[in-house]
Amino acid sequence: MHMCYSPKLCSVVVTVYKSLRWETARQIRFGIATEMYGLFQSINAFMMCVHIFACVGMHMEVYAMLKDIVLNFPKGEFDLVKIFPLLLASPNDSKVSALVVDVLIKVFAANKMFEDGVYAYFKGRKLGFRLSNFSCNFLLKCLAEARRKELLQTLFEEMKRSGPSPNVYTYTIMVNFYCCKNHAQHKVDLERATDIMMEMAKRGVSPSVVTHSVYIHGLCRTGCVYFALDYLRDMRHKNELLNSYCYNAVIHGLCAKGELVEATNLFEEMMSSGVPPDLYSYSILVDGFSKQGSTEKSLSLIMEMEAINIKPSLVTYTSLLNGLCRSAQMEISLDLFYQIEEYGYKHDQVAHNILLNGFCLHGDLFYAHKFLEKMTNNSLTPSALNYNNLIHSFCKIGSIGEALELLRAMIKEGHYPDIFTFNYIINGFCSKGNAEKALELFPLMLKMDILPGVVNYGTLINGFTQQFNIKKALQVYTRMLKVGVTPDTTLYTILITMFCRMGELNDAYRLFREITFQGLRPDNVSYTSVIAGFCRVGDMSRALRLFNEMALGEILPSVVTYTCLIDGYCRVNRIDMANMVLDEMRRKNIPPDVVTYTILIRAYKRLGQVNRALELLDQIRNEGINLDAFAFKTLCNDD
């Protein structure tokens, strides 16, 4: 008491000593005390109270007072290295000092003062204090949650060296850290997690059900689902305690791989092993079967849940709703949607999106539009994605007026359309042969501060080329370059195809080479467009050179590419070369289509080789390919 000079502080300490009353200790806060009596007197008085409470095992009071000291220390003056000795009791009372350090570690950990927490641990061990597993594990857990990997590993290794010895909870924290993936920077380190599991076994520490479950989840997160399945079954054969969390991870992993039979088998194994499935077990299976289109199985699982008094969640029902919409069962989907509301659930944006997208996907735009209005009436603001899907769907069926009406409603609701919204409408106009009308949308985009992108220009240029308005297409292209929009591979391909149709092969080839010059990579379509152009004029050497170039660039030719070559060789009466190309297609498992065979039949007929044409026809029938009316007409009639 001799170090407490203030009468007021001394009175508090004496009263605490005599009564052990927490209310007395809380009469003065540390921050206020330092302002009134200075740091030195305040910290001594408060630590006297801390040690009094520590002596009688009042841990909660010790924690509260240490927290008050740490968090209300004068700004910029907290230096643990300097004040640590002041926080300890007399050198003769190491037991009380150990308790103070133990609680101090928890205070630092809980308040994210991780460096101070680790320092307190090391200082306590250096002084020979026996620290508790509870405090060290709590610090370890907080470090793991904060992703402080270096401090975590340092503390873990030091615990193994100097104590307290890691227990099952310590190891579980470490396994969970390496098996958890909670953001892009932190990936699952399965190798390290496995090492820790093996280390546990060597040290004779038995994993708990939580340890097993976090390790199994880690295996599944890294795609090692079958290894997780083997591990799970091995644990079961060893009579290790397992829970639904362990099984659910593997069931989910199997469903994600489409292995629903195996997932169902494991679900049944789980029940036969005495582990009751929970809401998540059923929901995972419902989602898996719904995604695969097996909605009847999903419905039976929901009925099974209800029979054993497991209430399906909104997520469970939403999975089924998604499955029904995917499999075009829109009437049942709508009935289920309203039925779920009758069960007392309030649908979120996700369920509305699923149903709206389902109507759009299957062309039921009347109901889609009605459902959009229902969302608005239910105080659910349709998202930009909802409007985009509906606009896209109306444009696909040529209902541009409705699409424009939705565009206006979208803007009124405060959603700004993007370049893709406008591209749906531009494409809609172009598909109806009205590229001029599509061009009128560009000023509207600029008025809304939406700069048309290469996708918009590409769609418009393609629209003009489809109308054979080459002059206008080139004008749009020139304007695009002037405003600084760089062509992409798709746009180059549109222009290449246009020049090839015009017979301007030199311009087409120049643009093709420009793709690489601009740092882009030609794709199958761009190569095929130029090859088709050369084949059309009978320049087979250049066509073949480009075809071989594709192989060098590891760009796989399609059936269209091969068909262009076959057509080119047939045009120059090299049917032998055409047959060689056909053989190569078969060797590479690219089956010829009706167009390919029709070209060959026409060539044989033109060259007077009708018998060869008939032989080819028999061969086609044996392959199970049905030729269309044009092919038969080609075979039967003269050119």
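Glycine too: its Cβ is placed from the backbone N, Cα and C atoms.
Copied over from TrEMBL, here are the features:
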- 132-166: repeat 'PPR' (REPEAT)
- 167-207: repeat 'PPR' (REPEAT)
- 243-277: repeat 'PPR' (REPEAT)
- 278-312: repeat 'PPR' (REPEAT)
- 313-347: repeat 'PPR' (REPEAT)
- 383-417: repeat 'PPR' (REPEAT)
- 418-452: repeat 'PPR' (REPEAT)
- 453-487: repeat 'PPR' (REPEAT)
- 488-522: repeat 'PPR' (REPEAT)
- 523-557: repeat 'PPR' (REPEAT)
- 558-592: repeat 'PPR' (REPEAT)
- 593-627: repeat 'PPR' (REPEAT)
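Residue counts for the repeat 'PPR' (278-312) under DSSP, split into helix (H, G, I), strand (E, B) and coil, are 26 helix, 0 strand, 9 coil. Long-range contacts of the repeat 'PPR' (167-207) within the same chain: residues 133, 136-137, 140-141, 144, 147, 149, 152, 156, 159, 214-215, 217-219, 221-222, 224, 240, each at least 6 residues beyond the stretch ends and with a Cβ under 8 Å from a Cβ of the stretch.
On the 0 to 100 pLDDT scale, the repeat 'PPR' (167-207) averages 87 in the predicted structure.
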